[in-house]
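According to TrEMBL, the protein carries these features:
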DOMAIN    2-233  domain 'Glutamine amidotransferase type-2'
ACT_SITE  CYS2  active site, nucleophile
BINDING   SER302, ASP364, ASP365  Mg(2+) binding site
Amino acid sequence: MCGIVGVFSNAPVNQLLYDAMLLLQHRGQDAAGIVTMLERKFFMHKAKGMVRDVFRTRNMRALPGTTGLGQVRYPTAGNAYSEEEAQPFYVNAPFGIVLVHNGNLTNAHALRSELFSTDHRHTNTESDSEVLLNVLAHEIERATRGVPLHIQDIFTAVEAVHRRLRGSYAVISMIAGHGLLVFRDPYGIRPLCLGRSADGGVMVASESVALEGSGFTFERDVLPGEAVFIDLQGQVHARQCAPDASLHPCIFEFVYLARPDSTLDGISVYQARLNLGETLAQRVVSTVPPSEIDVIVPIPESSRPSATQLAHLLGVPYREGFVKNRYVGRTFIMPGQAVRKKSVRQKLNVIASEFKDRNVLLVDDSIVRGTTSREIVQMARDAGARKVYMASAAPPVRFPNVYGIDMPTKDELVAHGRTIEEIRQIIGCDALIYQDVDAMKRAVMKAAPKTPGAVPLGGFEASCFDGVYVTGDIDTEAISRMNGNRPRIEETDIDASRLTLPNHSE
Ligand SMILES: O=P(O)(O)OC[C@H]1O[C@H](OP(=O)(O)OP(=O)(O)O)[C@H](O)[C@@H]1O
Ligand SMILES: NC(=O)CC[C@H](N)C(=O)O
Ligand SMILES: [Mg+2]
């Protein structure tokens, strides 16, 4: 996952983009970048780091223009520590195009050689997003019938792009002197929505929270396979560009990735998490009688809605037993296992009185590598807990994800090839309770809108739980090829500033 945003306005957009990216910071903490456009000229600034570290006043002043786009990156392909691979990406022909991408192409490898041998285009990084931009540029070139570019030609180009790309992609691009082009893969795996401001501005973003927090009113989600073009008068043109599009949003967005105050494809993330707590309650009672649980403690941050609902239904007190240091980022999306482990202890500290001589049920939204749960269970024991039970609002994560969540190696997953009892022993808890896959899907589905006109859900992209890959082109060979191109991390590369208080000075 990454966070992406694009905006057309009647006033300078640099601050708007910055603010929207802060609202999407939970989706990517490795790099950030903005491009603005003034007449035909692009202005870009991108670097490794969080938004508030990457953009200083002098950088903001150098981003003029009333149309622009930005991204916060969480790498899933290429080199996590290369500044070159921070987004946006730029190509000068045709017209000049910049692009930001959330997702992961599963055929980037084949496309890269095709681009070179057939399209005669050069890519200079390992990033799949650079490949995507070059495919788009090539198809726009082929579809173009002159200057200025016809909107119908842009849509023809997106049709061709859909035919060539596999995998997940929510894309915002900007064509110099023309406008913003936005599209979503035919399964709508990664989210993308559109809103407007009272003064005629248009914003597109990964999550509705970015629109609302920037003074825009949510209008609709971009449909799977659809392309939307926002011209320089702020007019919105749209066309369905994939013949068999069908909505299969990534279920992990609802479990962990997205902010709870966002609504994705009509589904409230918060409501989905409450529902997950409800179905989890049924599993808990069949394993541990509520009378044997003294207190329910969420593992901050993302598990809170599910834990609240679970405690309410079991009639057991809900207590905040861990306090989060808000200056440490999300540990799951940190590259490198050593830094993740260190961060769990730096991020969470116990309130010992909530654990002493009690039977505690810890609740997390998901257990992926098991790093968080193992540390937390030990911390609860060190604080004097009698029994430590652990519940996960999501089912075991058993399969690699190839659609933009960095869990591509099955060996990294604590649940891969292990029984629940084996996982319990590794985590070190007295009982381990997982949601089941169908219950999870039902719980999130239950939060889907019943309103007429809502886009029907074809299903969920839930491959990391059920091993079913919606794009149908994923086999063991494809997964190991992608592993070869997953973000490379040297522990010595770890950016220590991410574990400390950021410097707010100019
Ligand atoms: O099994 P693991 O590999 O440790 O991954 C799972 C943990 O990572 C996430 O928390 P994170 O700290 O990233 O973010 P949060 O504060 O939003 O919960 C998630 O909520 C789990 O707690
Ligand atoms: N998480 C994402 O959406 C990543 C986008 C792109 N695949 C990259 O690695 O930069
Ligand atoms: Mg967590």
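The count begins at 1 with the first shown residue.
Backbone N, Cα and C atoms are what each Cβ position is placed from, and that goes for glycine too.
Unlike curated entries, TrEMBL annotations are predicted automatically.
Features per TrEMBL, on structure.
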residue: CYS2; record: active site, nucleophile; Cβ within 10 Å: 27
residue: SER302; record: Mg(2+) binding site; Cβ within 10 Å: 24
residue: ASP364; record: Mg(2+) binding site; Cβ within 10 Å: 22
residue: ASP365; record: Mg(2+) binding site; Cβ within 10 Å: 27
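Neighbouring residues of the recorded Mg(2+) site, listed in sequence order and excluding SER302, ASP364, ASP365, comprise VAL255, TYR256, PRO298, ILE299, GLU301, SER303, SER306, VAL363, SER366, SER392, ALA393, ALA394 (Cβ within 8 Å of the Cβ centroid).
Residues from the recorded positions list (CYS2, SER302, ASP364, ASP365) with a C-beta closer than 6 Å to any atom of ligand 2: CYS2. A straight line from the CA of CYS2 (active site, nucleophile) to the CA of ASP365 (Mg(2+) binding site) spans 20 Å. For the domain 'Glutamine amidotransferase type-2' (2-233), the mean pLDDT of the prediction comes to 96.
With a cut-off of under 6 Å between the Cβ and any atom of ligand 1, the recorded positions CYS2, SER302, ASP364 reduce to SER302, ASP364. Under the three-state DSSP scheme, ASP364 (Mg(2+) binding site) falls in the strand class.
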